[in-house]
Structure formats: structure tokens, C-alpha cells
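Everything below concerns the one structure shown next.
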Amino acid sequence: MHQPCNPSPFPLAMSVVVWSFCLLLALLSTGASQSAGGGGDGGIPINNINLEGVVDSFLEQISSQAQDQCNKMVNALWTYYTNITDHNKQLMVTSRLEYGKWDKEATSWVRKLDPIHHHLSPDMRRQLYFLRMSGTSALPTHQLQELTNLTSQMTGIHSTATTCDFNNSTKCDLSLQPDLVEVMESSRDHEELSHTWLSWRDSSGKKMRKHYGRYVELSNIAAKLNGFGSKSDVWLSNYGKDTKAFVNDLSRVYHQIEPLYRQLHAYVRRKLRETYGPELVSRKGPIPAHLLGSMYPSSWRVYPLVTPFPNKTSIDVTEQMQEQGYTPRRMFELADDFFSSLGLPRLPASFWRNTLMEKPQDRQVVCHASAWDFCNGKDFRIKMCTKVRMKDLMTIHHELGHIHYYMQYAHLPYIFREGANRGFHEALGDVVGMNVVTPTYLHQVGLLSDPNTDQETEINLLLETALNRVAMLPFNYLLDLWRWDVFSGRVPEAEWNCAWWRRRVELQGVKPPVVRTEEDFDPGTIYHVAADVSTVRYVVAVVLQYQFHEALCRKVGQYPSLPLHKCTIYGSGKSTEAGKLLKSMMKVGRSVEWKEALREMTGGSGELDATALREYFRPLEDWLTADNTRHGEYVGWHAEGDYCGSESPQSITPPEVSPGTPQ
């Protein structure tokens, strides 16, 4: 039944457009939509109506209002994330509810245009396709409020959880960042690492399990109200309407990368066994998670333990940065210089005025580094608890990649102000960040005295990069595989944690330090689980990163005359040409299909393809293969017992394993 047209939710300035829109709906209800060729049973010919003019005006108003509503909500989110208090939490929840109320109303108007989509331009149809998806705003108000509260409670647990010091049980104020992160990266005491790993999970993930169950229920209800089967289908829809094809693409890409990952895994396992002994790290089993230098671990922070040629000069310039008096502000300025060298604009004054660069001492904040778009086309910020070290310098370049993406597509209608898919944003940040770790760049900015490298130094550098980029691929892939199973109901709630560890053992070759139970909720220790963020974007991003890198290196004339891993777009003499190519990709946002954007960027087929990634790491993969063979190292892993399911945690001791033949 046709609902009456009610312009009351819209401001007075919109009245002419609203009533024109109401007239259009009235015409549709009398049969105009059936009269595309002119005339019908009493209907007015649709081609006699300025159809696209009315719809275009409507879309402009929707975009303007969406921008205003988004700005209010993001301001409230920023206030909470940079000052975690109950008061600010309530303001954030209220702002999300207000946005949800507006979004639901706007979506109901947009859906009234469904019958005439085929009469509109492709650009209009694409805007309407995205606008008709109201996300969680489709929920009834009380359920939306409940879901908003749940998400804020989970992120609050993650951000404020603390644990006790292993060496001082009375000191119980250790937070994830920087305290626990530093312990996991620097300690070589496996008992301290196990204590830190377990206590963080007890104080974070375990406490949010009951919240997560209800979050899944409400997220699936919202998905169904938007015409999807489950929350996983909502996430996958960002990569196109044919979600099955995209899932198959992901599987194909994972198998492209798998041979490199297995060689890396075998090498790291052997080096860790040399450090911690075979009683903790076996020859054929998964690697204990707490020994990989990270709380999760998506990236493996163990480079000092596994360096192939430790006597070679490192390009970790943390010491040089500190000696030269670098500050977080100076690190941001250096990154700004990098983007300017590509012909991209300088950061606006508001960025420097509003960005949070260091962890405040007087309040709790969410330290997870992130770039923020305040939806008004002029306010862009970063939130980061910066330390003067090379790792953070890379992160700053990455986050500024997001900021420049925001700035380039700020002219588009609000609904198109995103990356072509969720991976594009991350890939842009990553392809910029990888230029920071080149000897050429570090030499040119005065942080490295000698840019020349030999083969052994290059292997060191490639391994350090692989520990960050390649090692994270199975983790981020399996995290979303697990959540897809949870949202779809393929894994019942009673098996969530054990299903998690089955995935980690199967795809990542990593095991817990003690047997886990269903009283635990280890996925909840991950920020992206608490904050409702899909991680497949990072898999897509890493693959795209190397596809982008190859395209940029061709643009500046360095590839294939140089190996892909030796290319840098900074100071090449054609840096601005690389900048133009990046701008052409960023400025279209998601106004075009992502495969079209990829095709324009790379000149290739537009398909996700890990060939460039494998080519970049080819020297390392060849070296790892030879080294693993020389040491008789087993490539692959086998489960050596049950890692989840017992009533109480127990230490996992690998069985004696006789030497095997490497495969």
C-alpha cells in the first residue's frame, strides 16, 4: 500500500524539492511508472516529467543532510575516543541514535524510488543502491539503542582493560598500549609472555563474550531488514553484488600466497625453537601464539630473534630518530613532506590544530591509530599515541594515506565518499608506507647514512617486511571466516572459541600457550571484533598494495628495469607522475565499481591478484626455500593435540617428534 508523502522530517529549505518529490510519488502511485513510453490507463507519461531533475535535487538534499548528520555523529565519536568517560559515552550513544533515526527516515524515502530505477542514469542508480541500505539504522529504536550500547561497551572493555605486572603483582594498571604491547615485543621470558597473553584475555575478551552473543543477534536482525541473509552478507556486499564470486576470489588469492607463507612459517618456527627450545616449539607443530611478539598476533614482532644476517646494518632508524631529536610533530611533518613531493596538497591548518598525536596523561583514550573524516569536506584528523620509533613513522605515513584519500574525494556526493572497496583505503596507506622502509628514502631524509645495500641486507629487509605484511594475511582472513560462520549460524555459540582455534591452527599454524575453553572468548581481545570492523579488507589491501606498487613503479620508469622490491616513488624524478596516478584513483571514491578503479590504476584485468606480491618477495622466498631445505626443516604443520575444549587451562607440551623429511 502506498504510504502518504510526509515532508515534515526535512527542513523548510527543502520544501520545494520535497513537494516535487511527493508529486512524483503521487504520479507513480497512479500508474506513471507503468507508462514509460507515453500514456497508460490514466497515468501521465513518465518521459513528460523532469524525472532526473527531481531525483537529482532530492539526492543533493539527501547528501547535504547526510553530511551534516555524519559530522555530528563523528564529533561525538571523536570526543569519546579521545576522552573515555561515562558522560562522553552517553553523548556518543545519543548521537548514533539520532543518526540512525535520520538514516531510517531517509532510507524509507529512497526506497520509494525503486520502481523507477531503470529510468535513471547509472550514477543515480548507484547512489540510490547505496542509500537504500540503512545498516543498523533499520532496527527498531529500542534495538538500535541496545546494539549501540553493546558496541560501546565492548570497545570500552577493550580500551580500558588492565592487567598486573608479571614481576610485581601489586602493579595492576598495565594497559594494552603501550605497556602490554612492549612486553610482548621485548620480553624473552616465555613465562612472562604466557602470563601477559593470558591475563589480557581474561581482562578483555572473556568479559565481553555475553555482549557479543547479543551483538550477533541484533546485527543479523538489521541485516535481514536490509534484505540480506546475515551480517556477513552485509560486509561482503561492499565488494560487489556477487558475493560468492568474491569469496572464491579470496580463496584463490590465499592459495596464491600460501607457499610463501609456509616457507616463512617454517623458518620462523626453527629460529624460535633455537631461542625457546623444542619443549616449547616443536619441529612440526603450530607456533605458540605468545612467542610471536604480538598480542594477537597478526604481524610477527620477532625480527631481532629471526634476523637472517644479524651482522648486517639494520635500516630500523629508531635510534637515529631519537638522536636527532625527533618528536611526534616532526614525524607528521616528515610524512606531510612525502605526500607533497608526489604533488599532493599540504595538510590543512585544521589537521594540525585538531589531530591527537600523543597519548594524554590526564585521561583515557583509544590508542589504536586511526584516520578520521568528519564528513564536511574540510575537517580531517588522526588519533594516535605516537612514539618516536620507525614503526610509528610507517604508521603515520599509512594514516596520512587515508587522509589524502578523504581529501581527494571530498567533492563527491556523500554516499560516494569511500574507497572503491574497503581494501582500497588500506592499500593506499600501505603502498605509501612501504616507501618509508626503503634505504633510498631514509637516506634522502637524513636518517640513514648509506643507502647502498648488498644481497644479505636486502634479505634482512624483505624478511622484516614479510613478518609484517605476509604473516598478517592468514590471520585477517581467518578472523572474518570465523565471523562469517558465527553470523550465519554455521558455528553455534557453544563452540565459538574452539572454532576460533581450529581456524587459527588450520590456516595460520598458530596455537595457544594453554588449552582454551568455551569460558574464554579469545577473538574478543581483538579491537576489530569489539569495534565491529571486518578484517577481510586488510587481506584485499595487502594484495592491492603490491598491485598498486607495481603500477606506480612502472609509471616512474623503475620497473621492470629494477627488481620490484628496490623501487621507490620518492625522489625518482617522476614522483609527481606517481602522484597523478594515485589522485586519479582516489578522486572517484566509490562512484565506480572497484574492479574498474583497479583496472584504471594498474592497466590490468581488474582482478585481485597476488602475482605482484609474490614477485616483490621472490628473492626472500627463494632464500627461505633454500635455507629451510639446508636445515632439513619441515614445511607445514600438524596439530599435536587438543587446543580447546578442556574444563580448565593446561599447559601444552609438544610430544617428542622424530626428524621428518621437509616438504
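Quick reminder: no glycine exception, Cβ is built from N, Cα and C everywhere.
TrEMBL entries are annotated by machine, without manual review.
If you check TrEMBL, you get these features:
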SIGNAL    1-32  signal peptide
DISULFID  CYS164-CYS172  disulfide bond
BINDING   TYR239, ARG537  chloride binding site
DISULFID  CYS367-CYS385  disulfide bond
BINDING   HIS398, HIS402, GLU426  Zn(2+) 2 binding site
ACT_SITE  GLU399  active site, proton acceptor 1
ACT_SITE  GLU399  active site, proton acceptor 2
ACT_SITE  HIS528  active site, proton donor 1
ACT_SITE  HIS528  active site, proton donor 2
DISULFID  CYS553-CYS567  disulfide bond
Checklist entry - Looking at Cβ-Cβ distances, which residues of the chain lie under 8 angstroms from CYS172 (disulfide bond) while being 6 or more apart from it? => result THR162, THR163, CYS164, ASP165
Checklist entry - How long is the line from the C-alpha of HIS528 (active site, proton donor 1) to the C-alpha of the residue listed as 'active site, proton acceptor 1', rounded to the nearest angstrom? => result 17
Checklist entry - Cβ within 8 Å of the Zn(2+) 2 site's Cβ centroid: which residues qualify beyond HIS398, HIS402, GLU426? => result ALA371, GLU399, GLY401, HIS425, ALA427, LEU428, GLY429, ASP430, GLY433, ALA541
Checklist entry - Using Cα coordinates, what distance in whole Å links CYS385 (disulfide bond) and TYR239 (chloride binding site)? => result 32
Checklist entry - To the nearest whole angstrom, what is the C-alpha distance linking CYS567 (disulfide bond) and HIS398 (Zn(2+) 2 binding site)? => result 18
Checklist entry - What is the one among the disulfide-bonded residues CYS164, CYS385, CYS567 whose Cβ has the most other Cβ atoms less than or equal to 10 Å away? => result CYS567
Next on the checklist: To the nearest Å, how far is the Cα of the residue listed as 'active site, proton acceptor 1' from the Cα of GLU426 (Zn(2+) 2 binding site)?
Outcome noted: 9
Checklist outcome for this item: Between the C-alpha atoms of HIS398 (Zn(2+) 2 binding site) and ARG537 (chloride binding site), the distance in angstrom, to the nearest integer, is 15
